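The annotation domain 'Cytochrome oxidase subunit I profile' is assigned in TrEMBL to 100-612. Here TrEMBL flags 20-38, 58-80, 118-141, 161-182, 203-224, 244-268, 280-305, 333-354, 405-425, 437-457, 510-532, 552-572 (among others) as transmembrane segment.
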Amino acid sequence: MTTMAAAPAAPRPRRLSEALAQWGVVLGIVGAFAGFILGAQIGEHLVPADANSNNSNAALIIGYVGSAVGFLAGMGFFNYPIARLLGLRRPTPEDEAFLYGEEGGWKRYFRLNVDHKVIGVQYLVVILAFLFIGGLGAMFIRAELLRPNPSTASAESYLTVVGLHSVIMIFMASAAIIGPFGNYFVPIMIGARGMAFPRLEALTFWLLPPAALILLSSIFVGGFPTGWTGYAPLADEAVRGMDAYLVAFGLIGISIFLSGLNMIATVITQRAPGLRMTQLPIFVWGVYVTSFLGMLAAPVLVAVIGMEVLDRIGRATFFVPAGGGSPYLWENLFWFFGHPEVYIFILPAFGLMLEMLPVFARKPLWGYRVAIGGMIGVGVLSWFVWQHHLFVSGIAPSLRPFYTFSTEAISIPTSIVYLVAMGTLWRARARFTVPMLFVMGFLFNFLIGGFTGVFLSDVPSDFQLHASYFVQAHFHYTIMGAEVFALIGGITFWLPRITGHALNERRGKIQFWVMFLSFNGTFLSLIAVGILGMPRRVVSYDPGLQGLNVAASLFSFILGASMLYFLVMLLMDTIVKPARARVANVWESRGNEWRMPTPIPVHNFESPPQHWGLSYDYDRDDPKPAVLGGGMTMPEGVSE
């Protein structure tokens, strides 16, 4: 008796919603244009021309909001909640498979996808795009400062470029580590099949493109003169470009809040059975503490931006002294968000640095629980330092000693985390690979950033240095010198895990040294001109400072070239001429993410992994991984 082979199942016909979803970004752009037109019309009728001289602001602001909503609608974000509200059928397994992109392919990166690994890659691409655009602005600024007086741009145009550069870089920094690496690796590191709220995770990413485009559109409506801080009452008097700043920054604030909420929920509720908080990888702890800061601080940003919008289009006077308001209210609320935000930038970078360090030091992380305590200490104290930004502008003299003390006190838990890194390096058998070089660069740059910060925490020295290039150099040492170095180190470290491709080691080392030396040449020069009294955000300066400015500009051009070289190298080694990693675990890491099969399954684990443990025991001969089960591959000779 012969058996007939079963006929292959006929392919399931694609529903209209799936067919439309394939167009992803295209429909999002169409929705953005439609939303802008509709919103502008609503704004025209909401605030009649004879009732408010800033009627164009109302149309523009509501048009911007409408464009963001239309973009999300075109991407398909409202399909699921509307279907649930109307009592329509729940998504089928086939619907979920499509939403998670189980079919694979490059198209899934250009539409709504809720696989946390896809979202991590999307974040990485957009973060690098932000870095490139912001870097172009920096090159323009340094070219303009080659001469003591304006040469190619007016003072207004210069301020516009300074504002765009700073805000784009703030957008980049707010998600530089959590966006790509937090979304990609945190669920894997805690043994989860995905994020707690996958659609919310996708939303946090897809808020970024409209925010960036809205911000860049400010060029066409006059720009904004306030820099990234948006200080009132200048913001109330600014032209329509200020509206783009407000809406774009508000969207970023919503993204930060939702990302923090989702990360906290994921770590608390999605951990593998039996996994205690004291067994989490240190990178997860960095993301976890940061998520609390983002969840609590971002609503303050959104609220203060809403107040400024009402000032501009609704005849409110929150920040207008003539109407009973106060610019100090903006300063307090903005910096109540803004200084915890600085640690939103740096704490994930600390976690990433400490995650990579034991791999290349080949010894355990020294003081794991001490590092956790230091991160929590930084997070708590970050809420008590914001008024050091007001030392010269209206703070009650009786409050200055407290905020001097609190600002200096935050250096204690920060130093504890730093000492954990130093303890891990002590007597280490270090391998100076490209990721390890960026770890060392991080430590050197952050040391200078922290040292210069001490002078800004003391009232007498802050009076002399406030609003100078000393402050700008300090900020860049802590953000670019630490966070961006951690970002590039993380890319070189995890790229083989994400793509299966490795960057060329020799070219990577050359790029690091050029970047490291030119970065320090740039900002050490700016520390010097700041001490000599050169104010930032001013296009003209004392001719006696031209030599140092020329040095800073020349070094900055080399720095920009090194960053461009990194982007080209990344494209060449992953897309144009991909270089396959020699082995799956190219760094011989014991991290749980390196134990996963290649490619990592869409839902990560077949079953929840068991037998968790810390993955930093590099001085032991035991090859047993930190986690067993869950469909993970085991080293040869190790059984579950």
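Each Cβ is built from the backbone N, Cα and C atoms, and glycine gets one as well.
Same-chain residues lying 6+ beyond the ends of the transmembrane segment (510-532) with a Cβ under 8 Å from its Cβ atoms: 434, 437-438, 441, 444-445, 448, 452, 465, 468-474, 476-477, 480-481, 488, 541, 545, 548-549, 551-552, 555-556, 558-559, 561-563, 565-566, 569.
Sequence-remote contacts of a segment are chain residues at least 6 beyond its ends whose Cβ falls under 8 Å from one of its Cβ atoms, and for the transmembrane segment (58-80) they are 17, 20-21, 24-25, 27-44, 46-47, 52, 91, 111-112, 199, 202-203, 206-207, 209-211, 214, 221, 240, 243-244, 246-248, 251, 309, 312-313.
Mean predicted confidence for the domain 'Cytochrome oxidase subunit I profile' (100-612): the pLDDT average there is 93.
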